[in-house]
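Report on the structure given below.
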Amino acid sequence: MELPPNPGLVDVQRDALYAYDSEAHKAVVNSRPWTNDHKYFKTVRISSVAMIKMVMHARSGGNLEVMGMMQGYIEGSTMVITDAYRLPVEGTETRVNAQDEANEYMVEYLRLCREENRLENVIGWYHSHPGYGCWLSGIDVGTQSLQQQFNEPFVAVVIDPDRTVSQNKVEIGAFRTIPEGIKPFAATNTTTGDGQSVPLNKVEDFGAHSHRYYALDVEHFKSTLDSKLLETLWNKYWVQTLAQNPLLTNRDYTSSQMVDLGSRISKASKSLEMLSTTGQRGPKSDAVDQNIEKLLSEVKQIAAKERSGLMAAEVKGKVFGCGCRGQAEGVQPEKS
């Protein structure tokens, strides 16, 4: 028996982004406006359903990269992502490889979508970068460039599940590559779009290809039904959310941050030693000074996060009497 529609769960104006117009999409694809402007696409809008699916998939992979596809359509210079699905692929800590099984899965998935009258096409792919930020590696640039040659319009989305948990906000980036023959952008520094540094073992790969792609603005949207469902989930799980201790939830990432920071401090110390021996001042010494300032800033950020986590555990323990302070494995907060 089919239930009657609930007016409170549907808002035509708010839910307009879910109304796919296949003819309008085909018209945009056939006109190919991006061929005249390699930065034609400016924004990616991702539905809450697609966002949750991608973040949960990325988080489930742990230290291994995962990969999936995104469905949606084009609206002017905006790429609208309405849904996403994971792929059965083999991932490592540095790359993810799509095999024949994944290609067969994509074909079958799209066939089933058509049967259910879900006509949105695949317009992008996503994968995870656990702990090292949102950017495209050399392999990612090659994959995205190939897709843009044969499957336009296409966008690459990268999610960092570790930084997502650490910062309590989704760490996500959307990118498109620069076509061959177009003058590339100037190479960027060793920080991601949010200002966080790329780990030392990834800096070379990051710097070697950062001029071959550009970032799009990422926005998200949700339907009336999504809002109701998320409100229901919050009312059900707010206790678990409040009881979580970020120091324990993401301690592996914090440890890796400290190890990487130690390696970079050691490298900076050697550079400073060499400059002290030669006594030279100039652009090289200025770069070393800037690097040391950046390292000090990161040390302060990590220390601040640790202090806030310990303070949160202390407050929970006093308010709820749950012994949250002891959950931090005997780590005591600093006394002022």
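Cβ from N, Cα, C; glycine included.
Summarising the annotation, Swiss-Prot assigns domain 'MPN' to 44-181 and lists sequence analysis as the type of evidence. The motif 'JAMM motif' annotation in Swiss-Prot covers 127-140, and the record cites sequence analysis as its basis. Annotation comment: Swiss-Prot describes HIS127, HIS129, ASP140 as Zn(2+) binding site, evidence class sequence analysis.
Same-chain residues lying 6 or more positions outside the motif 'JAMM motif' (127-140) and placing a CB less than 8 Å from one of its CB atoms are 57-58, 61-68, 93-96, 156-163, 171-173, 175, 177, 192-194, 196, 198-199, 202, 205-206, 208-210, 212-213, 253, 256-257.
With helix defined as DSSP H, G or I and strand as E or B, the motif 'JAMM motif' (127-140) counts 3 helix, 2 strand, 9 coil. Model confidence over the domain 'MPN' (44-181) is summarised by a mean pLDDT of 89. Sequence-distant contacts of ASP140 (Zn(2+) binding site), defined by Cβ-Cβ distance under 8 angstroms and a gap of at least six in the same chain, are HIS127, ALA156, VAL158. Taking DSSP states H, G and I as helix and E and B as strand, the domain 'MPN' (44-181) has 49 helix, 45 strand, 44 coil.
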